[in-house]
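These come from Swiss-Prot:
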type	residues	note
TRANSMEM	6-26	transmembrane segment
TRANSMEM	54-74	transmembrane segment
TRANSMEM	80-100	transmembrane segment
TRANSMEM	117-137	transmembrane segment
Amino acid sequence: MFTESMLFLLLFLLLGLIAKNNSLIIAVAVVILLKLFHVDGKAMELIQAKGINWGVTIITVAILIPIATGQIGFKDLIDSFKSAAGWIGLGAGIAVSILAKKGVGYMAVDPQVTVSLVFGTILAVVLFRGIAAGPVIAAGIAYMAMQLVAFIK
């Protein structure tokens with residue numbers, strides 16, 4: 001029961017509790033329950049392979065809700081392009097989306113980076129009162145940094 005992987009998960013759970021990061025606490029608890037109930041490897045592989053896409057879909061739904069409820073309309077979209085902040089927001093949204101795409105690809109090629117990204121995010125939340133922006137974007141930044149390192153070599 002107390003394997004290395006379980007101890008590792010418990011460490012993340014403890015850090016999530018210290019950081020008061022509900023997303024991490026819930027995620028670790030779900031994975032621990034899957035492990036305790038001996039959910040088969042195929043189900044775990046499916047979650048690992050498709051989980052990020054499922055998460056992106058849920059985030060996209062949440063982003064679209066203000067449009068569906070009428071809180072955001074075409075007037076708001078047009079007004080956003082009348083300010084520097086609107087254009088900067090557009091550029092930032094595009095950049096983050098591209099970084100996230102690169103991050104998903106990078107995590108698939110180098111899964112070990114996921115652990116350090118999650119751990120780094122947790123440390124920033126605990127030590128610097130940062131906000132967990134997500135390992136996908138962090139992986140995209142790591143990807144860009146690794147591309148820069150490869151270019152310099």
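Easy rule for this one: first residue shown is 1, then count along the chain.
Cβ atoms here come from the backbone N, Cα and C positions, even for glycine.
Non-local neighbours of the transmembrane segment (54-74) in the same chain are 100, 136; each lies 6+ residues outside the stretch with a CB under 8 Å from one of its CB atoms. Only residues 6 or more beyond the boundaries of the transmembrane segment (117-137), in the same chain, are considered here, and those with a CB under 8 A from a CB of the stretch are 12, 15-16, 18-19, 21, 23-24, 52, 56, 96, 99-100, 103-104, 107. Non-local neighbours of the transmembrane segment (80-100) in the same chain are 56, 134, 136-137, 140-141, 143-144; each lies 6+ residues outside the stretch with a CB under 8 Å from one of its CB atoms.
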